């Protein structure tokens, strides 16, 4: 097997590794975090506002909690909200796009105009409004972002389906009397899901960034649950004297979002043609 | 009663700046248990006729007909419900008609499931039986195959098996041999012939290939510019063509003249489909045309089963040449 770096290039391979490490740490947080109870939210006033040291690599926060543990626990919320936003969006966008593309006509018109209405709002503004209306909380913030996210998938799915619908084998199946539900399940969905799932995987990064933005604005997860956006916000009050409080979760968001972006570029390059012949 | 009974079928498609006369006047009668050829050059309306039969005309198409009957039912109303049930299509490119990432078994099973309420085991048995009926050796292996693992001829047989799976009594074969090489094409034609005899199917064979027509068809209709100009038993149409267009078409076959001579060609070109034609559509290119030919529709003439539309009265081919 060829090395990953040959398939994706070094930046892509490193990004993939970072993303996998982040997922691994999130999953295994109780075991990899140096202070699991503090990561989960237990205060430790005696150790408050310690600067980075050997014991606390990223220092401690205003309640004396180890920032490394907090960031690792925060990864759980951030990654799962990124994943769930994309999943919810697919759940709505895929059927909408497939139905609109496959059946066309007034159904297409109706569904796509609804989609356009959602696209007409600035995404972040709509997400903020939704989150404010729904109130804080992990699930609510996920729903709020998903509401702005699904129209893109609906449009992508529709475009894929439009191309597939004209395939001679789809028309042949229709001519042989095979019903629409079966044709969609057999010929349309599997072929449309593939490009969409690649896009969805790459969207986890931007989605998590948006979710972090909401919680930074106080519209996301509530303390004591660790969340990167909300931690950056909490640290703001003590910035710049206790810079590590905001910097640690901020860097985590930054690195992860960057990794998703770089990986996305690497995959796009790979899909779009072999630049250097090594792939 | 004829399975297909069509009289004066016309189809106008809406277009900016007036309608496109896709079909101007088509008469078509197909008897049960026969293979009927629909002959003509590109753009003459062969495929449009098939689409009309399948109820697949573009939105806004204006259909007119004195009679448009399938098995006594008005096709205008029932075409879309008969499609895939009693009328099935065999397309010209079997490789494209099969999904490359699904096994043959899935693709035949989907059709069987759509038409028969059978348990899975029975459907599998039926699929094997249908593939065997199309002359495929080792049907069980074919069922497990993907389309790319089969040759073009085998793919066409699979598509024919699908068409049989629908239980349709009329198969529309749209140039079923163009994608195949000549020997395989001949085998597929022989298969269609056999299916007509053994299963009582009726086939409407759309083609521009006179050899195909001569080989398998019992009767044929010649189309020109959306108009049926001649119709009759195969032997009559091929050996004693009455319409000047059919004559010119047959004279243009490569082996019609002695070797070494230039191929005969029909002067001029087909009238554009948006043009209104008052008289005979072929008149501008017809050697025997008279002034009146362009002014009013040609009368229908009949000699037994043989029908054609031409103003100029003629006896047999020899007399016309004189």
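Placement of Cβ uses the backbone N, Cα and C atoms for every residue, glycine included.
What TrEMBL says about a protein is an automatic prediction, not a curated fact.
According to TrEMBL:
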- A:12-33: transmembrane segment (TRANSMEM)
- A:75-264: domain 'ABC transmembrane type-1' (DOMAIN)
- A:83-105: transmembrane segment (TRANSMEM)
- A:117-150: transmembrane segment (TRANSMEM)
- A:204-222: transmembrane segment (TRANSMEM)
- A:243-263: transmembrane segment (TRANSMEM)
CB contact flag for the transmembrane segment (A:83-105) and the transmembrane segment (A:204-222), at least three pairs under 8 A: yes
Tertiary contacts of the transmembrane segment (A:243-263) (same chain, 6+ residues out, Cβ under 8 Å): 8, 11-12, 14-16, 18-19, 22, 49, 51-52, 58-59, 61-62, 67-68, 70-71, 74-75, 78, 202, 204-206, 208-209, 212, 228-229, 231-232, 234-236
Long-range Cβ neighbours of the transmembrane segment (A:117-150) (under 8 Å; 6 or more residues past either end): 77, 81, 84-86, 88-93, 96, 203, 207, 210-211, 213-215, 217-222, 225
